[in-house]
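Asker: One structure is given below, represented as structure tokens, and several questions about it will come after.
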Amino acid sequence: MANEPAIGAIDRLQRSSRDVTTLPAVISRWLSSVLPGGAAPEVTVESGVDSTGMSSETIILTARWQQDGRSIQQKLVARVAPAAEDVPVFPTYRLDHQFEVIRLVGELTDVPVPRVRWIETTGDVLGTPFFLMDYVEGVVPPDVMPYTFGDNWFADAPAERQRQLQDATVAALATLHSIPNAQNTFSFLTQGRTSDTTLHRHFNWVRSWYDFAVEGIGRSPLLERTFEWLQSHWPDDAAAREPVLLWGDARVGNVLYRDFQPVAVLDWEMVALGPRELDVAWMIFAHRVFQELAGLATLPGLPEVMREDDVRATYQALTGVELGDLHWFYVYSGVMWACVFMRTGARRVHFGEIEKPDDVESLFYHAGLMKHLLGEEH
């Protein structure tokens, strides 16, 4: 088909124009203002703008300083909000929300998260806000090239080890969703908006995200039809239930693993309150998107991973909660993935990696899956 997305240069995505050579001195000066006794650390950049995903900058650092006569060496990770000129995926980045959620999850649950250390919210130091957290050693199923393409530690593992990782990741999600009274504990995520349901507020945010994405790349008739479908098929029962803490970008590509067990749950940019079905559907749908990518590359992918029946059964066994129908949430996830592809496509145009497409939907690697979910032919 003429508008079929091409795999092309998916193995190379430029995320930032930041000059990392200036970082050691800048971060050293800032750290001296937050470390005990005003210690002046020596800072080394271990890797530049690195990310398992396609959004915030992730910079790995080592800081060395003297404290109470002792030599301290700490490996840290800086999560830095992208600059507007680097075509960010999201309209806004609340790193303060991410920092506080990670801190609370670490305090309230046994879900493995990095220890968050310090946050700079003004943007005066690096040009945009950032926070520092402890570095955690682990491996992640890759996004680029997608883990479903094979030739990586997860795809090449025995099926029982893949299932072990899947179940452990669903268990982390189940634990997050079991934090009691999430609406009060994480009330800062509502930003004072208490009218309507959390799902309605989330939907309005996604609609504004799409409008933001359109500015850089053009409108999508498929997405606009999908928004109408979502409104006319609104999941009233799921929307009315007590909201839980949503990880947001809940998928295996945002977890560090050791021996097929999670050691750090990462990437909280989409954190929100809402129906638990949204996180579960996103986790399954994310794998389906990667399966679509494998299919476009004429590869078999990993069809036995993240099957809905398996994920549902594991989740219910751990929480005692029977999930509602996930179909609406798959369609909704498809819209959000399309917004990501619109913004990463606009970024690739900005950095000269591709020409601006005539048809924005040529960027949607999962367009066929979306049309199938909507009952449209493709």
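A Cβ is built for glycine as well, from the same backbone N, Cα and C atoms used for every other residue.
Pasting the relevant annotations from Swiss-Prot:
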type	residues	note
ACT_SITE	Asp249	active site, proton acceptor
BINDING	Arg79, Asp134, Tyr135, Val136	ATP binding site
BINDING	Asn254, Asp267	Mg(2+) 1 binding site
BINDING	Asp267, Glu269	Mg(2+) 2 binding site
Asker: Which secondary structure state does DSSP assign to Glu269 (Mg(2+) 2 binding site), in the simple three-class scheme?
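Answerer: Where Glu269 (Mg(2+) 2 binding site) sits, the three-state DSSP reduction gives coil.
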Asker: Considering only the recorded positions Asp134, Tyr135, Val136, Asp249, which fall within 10 Å of Asp267 (Mg(2+) 1 binding site) when distances are taken between Cα atoms?
Answerer: Asp249
Asker: Check each residue in the chain of Val136 (ATP binding site) that is at least six apart in sequence and keep those whose C-beta is under 8 Å from its C-beta; list them in sequence order.
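Answerer: Result: Pro112, Pro114, Leu256, Val263, Ala264.
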Asker: Out of the binding-site residues Arg79, Asp134, Tyr135, Glu269, give me the one sitting nearest to the residue listed as 'active site, proton acceptor' by CA distance.
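Answerer: Sorting the binding-site residues by distance from the residue listed as 'active site, proton acceptor', the top entry is Glu269.
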Asker: Give me the long-range Cβ neighbours of Glu269 (Mg(2+) 2 binding site): same chain, 6+ apart, Cβ under 8 Å, in sequence order.
Answerer: Ser55, Ser56, Val89, Phe90, Tyr93, Gln98, Gly248, Asp249
Asker: What whole-number Å value do you get for the CA-CA distance of Tyr135 (ATP binding site) and Asn254 (Mg(2+) 1 binding site)?
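Answerer: Spelling it out, the Cα of Tyr135 (ATP binding site) and the Cα of Asn254 (Mg(2+) 1 binding site) are 14 Å apart.
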Asker: For the C-alpha pair, I'd like the distance in angstrom between Asn254 (Mg(2+) 1 binding site) and Arg79 (ATP binding site), rounded off.
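Answerer: Rounded to the nearest whole number, the Cα-Cα distance is 14 Å.
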Asker: What is the total of other Cβ atoms whose distance to the Cβ of Tyr135 (ATP binding site) is within 10 Å?
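Answerer: I get 18 for this one.
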Asker: For Asp134 (ATP binding site), which of the three DSSP-derived states applies: helix, strand, or coil?
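Answerer: Where Asp134 (ATP binding site) sits, the three-state DSSP reduction gives strand.
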Asker: For the recorded positions Asp249, Asn254, work out the Cβ neighbour count at 10 Å and name the residue with the minimum.
Answerer: Asp249
